[in-house]
Amino acid sequence: MRTLWIVAVLLLGVEGNLWQFREMIKEATGKEPLTTYLFYACYCGWGGRGEPKDATDRCCFVHDCCYGKLTACSPKLDMYTYSQKNEDIVCGGDDPCKKEICECDKAAAICFLNNLGTYNEEYNNYRKSRCIEESPKC
């Protein structure tokens with residue numbers, strides 16, 4: 001119950017792109033991102049440190065790095081345009097910043113899909129305080 005309350009509070013601050021990212025993950029994987037990825041291992045959700053625990057956590061690490069390269073953009077807030085054609089995610093629009101944000105999210109959603117088979121339930125709701133190794137470089 002405490003986790004659901006925390007998720008509800010966090011959602012109050014979710015705007016634009018993060019909600020789109022949630023939808024993109026849901027469409028790609030069929031999983032509910034808030035319960036599947038929000039508190040997964042060391043890099044999924046807010047913040048990140050230590051060594052990624054598995055392939056799914058590495059998807060989140062790479063996504064964080066991708067956002068980190070977009071210094072002139074607001075990746076957590078900017079709304080972008082995308083569509084799904086067959087099973088492909090297609091980023092659209094004319095704004096280069098928004099398109100790059102979409103591409104970061106697309107890569108993560110596809111990464112999650114490709115690693116569904118190695119998703120480890122033991123890392124769901126993982127305490128970030130256990131992520132003590134040195135973080136790899138992007």
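Even glycines carry a Cβ here, placed using N, Cα and C.
Listed in Swiss-Prot for this protein:
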SIGNAL    1-16  signal peptide
DISULFID  Cys42-Cys131  disulfide bond
BINDING   Tyr43, Gly45, Gly47, Asp64  Ca(2+) binding site
DISULFID  Cys44-Cys60  disulfide bond
DISULFID  Cys59-Cys111  disulfide bond
ACT_SITE  His63  active site
DISULFID  Cys65-Cys138  disulfide bond
DISULFID  Cys66-Cys104  disulfide bond
DISULFID  Cys73-Cys97  disulfide bond
DISULFID  Cys91-Cys102  disulfide bond
ACT_SITE  Asp105  active site
Please work out the number of neighbouring Cβ atoms within 10 Å of the Cβ of Cys60 (disulfide bond), leaving out its own Cβ.
22
Look up Cys91 (disulfide bond) in the DSSP assignment and report helix, strand or coil.
strand
Can you tell me how far the Cα of Cys97 (disulfide bond) sits from the Cα of Gly45 (Ca(2+) binding site), in Å?
22
For Cys97 (disulfide bond), which of the three DSSP-derived states applies: helix, strand, or coil?
helix
Taking Cα-Cα distance, which of the recorded positions Cys104, Asp105, Cys138 are within 10 Å of Tyr43 (Ca(2+) binding site)?
none
What residues, ordered by sequence, lie under 8 A Cβ-to-Cβ from Cys66 (disulfide bond) and sit at least six positions away in the same chain?
Glu103, Cys104, Ala107, Ala108
For the recorded Ca(2+) site, enumerate neighbouring residues of the same chain (Cβ within 8 Å of the Cβ centroid of Tyr43, Gly45, Gly47, Asp64, site residues themselves excluded), in sequence order.
Cys42, Cys44, Trp46, Gly48, Cys60, Phe61
